[in-house]
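To start, the structure under review is shown below, and the notes come after it.
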Amino acid sequence: MASLRKSHPLLKIANHILVDLPAPSNISAWWNFGSLLGLCLATQILTGLFLAMHYTSDIATAFSSVMHICRDVNYGWLIRNMHANGASFFFICIYLHIGRGLYYGSYLYKETWNVGVALFLLTMMTAFVGYVLPWGQMSFWGATVITNLMSAVPYVGNDLVQWIWGGFSVDNATLTRFFAFHFLFPFVIAALTAIHLLFLHETGSNNPAGLNSDADKVTFHPYFSYKDLLGFATLMVTLTSLALFSPNLLGDPDNFTPANPLVTPPHIKPEWYFLFAYAILRSIPNKLGGVLALLSSILILTAVPALHASKQRSTTFRPITQLLFWTLVAAVLVLTWIGGMPVEHPFIIIGQIASLLYFMLFLTLIPAAALAENKALEWN
């Protein structure tokens, strides 16, 4: 007779995902980030739920309610710091997860990849509306600047902005709806994650060699369940250390000032994890062009499978593409730095060059390198 985990209708599903799942025997620690993102999502939902119990989404009391959470609620300061810094760790894991997918050719599982891009966009939207909730200076002005980008849409732009705002400026209606969205989106992310996993388990995981590993599979438990636990421990120790010792390291000092529509902060900038996209937006002197470039910087990921020209899946054995991949990483880091700098010489031109390089790598340089490598293989 089969054990309960193999026969029970619900446990059977969990068994197929977490216990008896066939996994390639050679996947490295780079394959840990999917489960780490699951841990981040669970942490964010849990801490967010406790914050929502004490938060008020009204412009008169939002800032005070966050102060009340930190001062008067039992361990409120810890919950708030874990939630704020948890977002940073969420994005660190996302960028490493996407980087892994690009390096090892995991994007050739097109359905899984496209659901992943949708998850990325939804996570960015969730983080953006969440950043508005404390109703500090950067919350207010960040919301004003980013929502104003919608006005670049021809013909319906201004109506669209006012529709998002719920009035003629960022006001109480905006804060209330942003709180509603921020509460809702993580559950949509959780549902999409289930679809992401469903598509992944249709094909099975890729591996560092980029080769078919059907002949050499091992069960997920105990091999990768324990391997993931090491990642869990590392993530939680790092996150709690940051939340306890340096909780405001990644935040903006301007957000400790209550929102004031009459005073503009000297430098309006988003959280660090959006700076690369913000730099691309600012690199184009035209408003509509900037918005299109901003969208393209994320949506270009959906084009990656179509631009795959190599006969090999992974870049493990492709030195030219490896060099270009790390150039892409460098370009994103430079853009992140530029996004936090004022709009003046020499930062403008550096940002423009890095933006151009970012798009060229995806659209021309990496596909061209793949074709060159294919040619080199034929010489043998």
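The count begins at 1 with the first shown residue.
Note that Cβ sites are derived from N, Cα and C of the backbone, with glycine treated the same way.
Feature annotation from Swiss-Prot assigns heme b b562 binding site to HIS83, HIS182; the stated evidence is similarity to another entry. Look at Swiss-Prot and you will find HIS97, HIS196 tagged as heme b b566 binding site, backed by similarity to another entry. Here Swiss-Prot flags HIS201 as ubiquinone binding site, drawing on similarity to another entry. Per Swiss-Prot, the feature transmembrane segment maps to 33-53, 77-98, 113-133, 178-198, 226-246, 288-308, 320-340, 347-367; the stated evidence is similarity to another entry.
Geometry remark: HIS97 (heme b b566 binding site) versus HIS201 (ubiquinone binding site), CA distance 17 Å.
Counting neighbouring Cβ atoms within 10 Å of each of the binding-site residues (HIS83, HIS97, HIS196, HIS201), the lowest count belongs to HIS201. In sequence order, GLY48, THR126, VAL129, GLY130, LEU133 are the residues near HIS182 (heme b b562 binding site), counting only same-chain partners six or more apart with C-beta under 8 A. Taking only the Cα positions, the spacing between HIS83 (heme b b562 binding site) and HIS196 (heme b b566 binding site) is 24 angstrom. Under DSSP, the residue listed as 'ubiquinone binding site' is assigned to a helix (H, G or I) in the three-state scheme. According to DSSP, HIS196 (heme b b566 binding site) is assigned to a helical segment. In the three-state DSSP scheme, HIS83 (heme b b562 binding site) is classed as helix.
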